[in-house]
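Here's the structure we're looking at; comments come further down.
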Amino acid sequence: MMEELHSLDPRRQELLEARFTGVGVAKGSGQNESSNQSLCSVGSLSDKELETPEKKSNDQRTRKRKGDPFDNQGKGGGRGHKISDYFEFAGGSGTGTSPARGIPPVAWSSPQHSLSNPPVAVQQGSPSSISSVNADHSHSSCSHKPAPTHTQHQATQSELTMEKLAALESSKSSDLEKKEGRIDDLLRVNCDLRRQIDEQQKMLERCKERLNKCVTMSKKLLIEKSKQEKIACREKSMQDRLRLGHFTTVRHGASFTEQWTDGYAFQNLVKQQERVNGQREDIERQRKLLLKKKPPNASQTPPPSLEPNKRKNKSNGAENEMLSLAEYHEQEEIFKLRLGHLKKEEAEIQVELERLERVRNLHIRELKRIHNEDNSQFKDHPTLNDRYLLLHLLGRGGFSEVYKAFDLTEQRYVAVKIHQLNKNWRDEKKENYHKHACREYRIHKELDHPRIVKLYDYFSLDTDSFCTVLEYCEGNDLDFYLKQHKLMSEKEARSIIMQVVNALKYLNEIRPPIIHYDLKPGNILLVNGTACGEIKITDFGLSKIMDDDNYGVDGMELTSQGAGTYWYLPPECFVVGKEPPKISNKVDVWSVGVIFYQCLYGKKPFGHNQSQQDILQENTILKATEVQFPPKPGVSPEAKPATCSTPNAVVTLVAQERPSFADVWCTVRRIVSMFTSWPVIPTSSRTYASPWPPPVTPAWPSPPPPAPPTAAPQIESPIHPC
């Protein structure tokens, strides 16, 4: 191969040099010989330029290179510069260095490099580097060999024996089997649990579906029952229209007013009363004629001159003869019996008239309810808040409607109070009304007592209406009962007042205390509709919270003066001055006394026949300095002193002189203990946590002992106790 390179002409050698260096230079035969040697050492000849049959692969290039024949003969110095002088590698220059040392490892260590691709580390125009490559190529091969690593071995003796190894292997295998068994058990349990979860999920879905069906069926049945009740109420109302009466529209000038027309039942009673009055007048006329026929006494003999006149006097063709004494007394007794019978019949007519009046009041109330229900937008049994199914209207106030509803979630009857604001109101007025309702909700929501109606829920319908959900009571209120029965027995009044005082005592013991402020018979609900059962207090719309910020030693300022029911408010609520009046819980004490008086005597102690406007204009309550107790109906001798002193004390003009609820509670207990064993109030299913307070002496002076009973008959209440 070397001989073939030497046989090349100088031009050929220059081309080869230019291929590697990029510079065409010819230096003579000495340079050609050195160039041939350097080309062989670098191994970058192209296959197209030189085809060498002795060419081998890169992995066989580890053989030693033969010496140059010119160097062995010592004739290489005359050939001029070597071709290695024209090469310069990045690794440095010099005759004792190998070209591979100056080439980066990536360039010379990769087996993919061929002679046609020169190394990238070669720099053009550096002859000194070429000689260093040729000189170093004779001492190293083209492939890189890493430096040998020096290792040191140390012999150690293990303490394990074959038996121990076998035991370890067996224990490991047993542990592995246990773990695999445990994993299998857990996987099996997991599968069982997943299967149970799937079954429970399916069962839950079935239960939900069944529950939805039950709720749907309950709604359907409730709506059907409500419709039947509505039809029955309207049929009964139409029948009562003929029997009791109805409203008719009467024109007065340019306006129309509703006028009540009595039914045939009242017309028949009026005819009976007229018949009785006619018979009484006839009897009275006959009695006057009988007096003319009354014979003289036996001691008084008639004069003889009158004897012929007696026989001659005739009236309508009959003689007007004088009756004997026996005949006179006989006729007089007949007239007395007839008058007594007419009086009894008249009393029966009066009792029947009172009964019909009570029934007529119910009929009028039902007519108004039906009229309001037909004009309501909630008459078609909607479900509010996806929970409360409205059944029928209970009543309507100024800005609210109360419906009897069914709670589909808790499965119970409730009373839904729908507050509807006037759309023509200003936003400020709507906000104040809504704030007032929210305040009532917050106060009422925290109360928990068996004598106070519970508040269950509160939600909004739209921007102009919202709802409160209350506990439902079947009976009517105390005001309706008093309108129907006028008054009640002393025992029933004691029971009602005792329960009211118990609830108000609870309101004053909680923190912060609460003033109801609007306590009246209309806000006392009779649970079963009678006066001998349980009661519940409702309507906390005007309540006052006696917190530390608003309540002082003298009380708290009344910010809502003019609100409330005037017959049951104390005088301090009507005081007008530069500053608002001060109130305390003594407001409710006054209201309790007024209600107690009305239950016993059938009328209000102040302003009974006056309207609220008349009370306000005439200052009726401000002038209420003393309570007058009528003689009828009477109360028992044992309870009359305490009963009379109790209202007289609680309705004292000065608020500071009124007793507290603790004193009123003890007084009511003392009154009850005179008649029956303690307690007398029907107990509820719920128990009140507060213990009974110990009896103490009341704040007001004790009344004198009762006078001995007289022979006068005892007047009883017309209402029989339960």
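Glycine too: its Cβ is placed from the backbone N, Cα and C atoms.
There are 22 other Cβ atoms within 10 Å of the Cβ belonging to K417 (ATP binding site). For the recorded site, K417 (ATP binding site), the DSSP three-state label reads strand. What TrEMBL records for K417 is ATP binding site.
Confidence for the coiled coil (339-373), expressed as mean pLDDT, is 91. Among the features that TrEMBL reports, coiled coil is placed at 339-373.
Annotation source TrEMBL lists compositional bias 'Polar residues' at 29-44 (among others).
TrEMBL lists 46-61 with the feature compositional bias 'Basic and acidic residues'.
Per TrEMBL, compositional bias 'Polar residues' is recorded for 109-158 (among others).
Sequence annotations record features per position, and here TrEMBL assigns compositional bias 'Pro residues' to 695-711.
The domain 'Protein kinase' annotation in TrEMBL covers 388-676.
Positions annotated as region 'Disordered' by TrEMBL: 25-158 (among others).
Residues or ranges marked as region 'Disordered' by TrEMBL: 289-316 (among others).
Under the heading region 'Disordered', TrEMBL lists 695-722 (among others).
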